[in-house]
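Notes follow the structure.
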Amino acid sequence: MFRKQNLKWLGVLATIIMTFVQLGGALVTKTGSEDGCGSSWPLCNGALLPENLPIQTIIELSHRAVSAISLIVVLWLVITAWKNIGYIKEIKPLSIISVGFLLVQALVGAAAVIWQQNPYVLALHFGISLISFSSVFLMTLIIFSIDKKYEADILFIHKPLRILTWLMAIIVYLTIYTGALVRHTKSSLAYGAWPIPFDDIVPHNAHDWVQFSHRGMALITFIWIMITFIHAIKNYSDNRTVRYGYTASFILVILQVITGALSVITNVNLIIALFHALFITYLFGMIAYFILLMLRTTRSQK
């Protein structure tokens, strides 16, 4: 059960399931299914499987089920990795982070159901789950020895790119928080047309300010990732890890901007909204990988 040959497919399975956890959370919020099980947790409306199953209840139940399965699969992956490749420096910290943040994510979700948390607190839920996803994603990359294939294990990232990338991580995380806040405060259609309502630019209420803040952070994110991408391609053109990684990040942020704009234009089409959540999930995963590479560079300097 915990054999080394299970690591690759377990890593892929865990990454896929964690992706569905992210999408499930976005689906719950976008469809207003947060109260699909009332204030009961882990039960649903006081029962394991309630007799009355409207679509909101089905969505909330499905999200809880996928989250429970993800915890089992991630635990399986963590135990197997710890046992067989625990000698790799990053495996144990990533294992602790992935399980720890998955549990915190579940507790925040439960608290939201039972006590109806403030939306500014609920917005942290998505960011917490992204950290858990990224830890699983990184373990999977390590398991597949992606570092050796793309010479990342001998990559040295110089200080300018490290600074740009750390700032990129902070900016993206703040943008993720404002995006989650848009969902939880139901501000998706606030502040008028995209990119800005030129005939009425000044926000008028809290919903407008939340949406305005997210659009502003999204613009800063796009510009900063573009600057970082240009620097990386210009100075590391001979390294495939940097070239492919930062190119993928730039493509993902472009897709993120497009789906964000389309969400407003289409009055929050559900499919577009889910793609919006998907692209930011994998963008954050890529940034987490860059951080891993930078930490290795820092260690090599000591």
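Each residue, glycine too, has its Cβ placed from N, Cα and C.
Per Swiss-Prot, the topological domain holding Ile157 carries the same name as the one holding Leu293, which places both on one side of the membrane. Less than 8 angstroms from the CB of His63 (heme o binding site) sit Val21, Gly24, Gly25, Leu27, Val28, Ser33, each of them six or more residues away in the same chain. His276 (heme b binding site) sits 29 Å from Cys44 (disulfide bond), counting Cα to Cα. As a whole-number mean, the pLDDT of the topological domain 'Extracellular' (30-67) in this prediction is 85. Remark: the transmembrane segment (68-88) contacts the transmembrane segment (126-146), by the rule of 3 or more CB pairs under 8 A. On its own chain, His214 (heme b binding site) has Thr175, Thr178, Gly179, Leu181, Val182 as residues at least 6 apart in sequence with a Cβ closer than 8 Å to its own Cβ.
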